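Asks: Structure incoming, see below.
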Amino acid sequence: MINNVVLVGRLTRDPELRHTPQNQAVGTFGLAVNRQFKNANGEREADFINCVIWRQQAENLAKFAKKGALIGITGRIQTRNYENQQGQKVYVTEVVADTFQMLESNKTQGQQTSKPQAQNKKPQAPDPFKAPAADPFAGGTEISDDDLPF
């Protein structure tokens, strides 16, 4: 059987890092993933997916990723159930991420540092290679049927 998930989306909140009684790191986070199509109003909708990540990957995610970060994850879908305080059975479906990858630099995420502005900037000479190339076929050439070799 195949149970593989690959998602790209933005974190809906900062990852929450906890540890099990056996001191294993476990992180939980939400991922907003845009749908491929637009709705009747022409707007793109998103799915909000609950995810779990374990061990060193969980620690790294909590350390480096914050709400709004664009990440990619690979993992699997998992279902579980438990009984809540009211005695009702609750069913949960979530993605258990095996790996994640940051898809934007820190600068892109809005953590840009200010760049010093150049004080005496010299005007740049025009780049001869950026000039539009002339179309060699633009004018066309008149050819009579007598000029053709066949």
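For all residues, glycine too, the Cβ spot is worked out from N, Cα and C.
Straight from Swiss-Prot, here's the annotation block:
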- 103-120: compositional bias 'Polar residues' (COMPBIAS)
- 121-138: compositional bias 'Low complexity' (COMPBIAS)
- 1-104: domain 'SSB' (DOMAIN)
- 103-150: region 'Disordered' (REGION)
- 145-150: motif 'Important for interaction with partner proteins' (MOTIF)
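Situate these features within the shown structure.
Replies: The domain 'SSB' (1-104): residue composition by secondary structure is 10 helix, 64 strand, 30 coil, according to DSSP.
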Asks: Please give the average pLDDT for the motif 'Important for interaction with partner proteins' (145-150) in this predicted model.
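Replies: On average, pLDDT over the motif 'Important for interaction with partner proteins' (145-150) sits at 65.
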